[in-house]
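Below: the structure, in structure tokens.
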Amino acid sequence: MSRIKGEDGFTLIEMLVVLLIITVLILLLLPNLTNRSSDVHEKGCKALTSTVQSQVYAYQLEAGKLPTSLDDLVQENYIESSQKKCSNNTPLQYNVSSGKVYVNE
């Protein structure tokens, strides 16, 4: 097979242009991916807070009183120890007087 002059393959300039385009696309998409990660953590934390809050209510129904801390829920097997903090290591807070579970962010 004979080769046509100038048709040997990609030139260095063409390869650099392709790499530049790929780099620009990555730089445009990367911030969106990191924002999604924080959204996922936030929604997961809200779901965990809601779950622990319902366990506070269950404890109150069975014991006839509010727990004095989240540790009471762990000791009585209402929640796991790992459920006292969100996936981003933000600890859940518990107000003893109101019985409300919340997150300080």
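Think of each number as a place in line: the chain as shown, counted from 1.
The backbone N, Cα and C atoms fix where each Cβ goes, glycine too.
The N-methylphenylalanine annotation in TrEMBL covers Phe10. When secondary structure is read from DSSP and collapsed to three states, Phe10 (N-methylphenylalanine) falls in the coil class.
Among the features that TrEMBL reports, transmembrane segment is placed at 12-30.
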Other C-beta atoms within 10 angstroms of the C-beta of Phe10 (N-methylphenylalanine) total 10
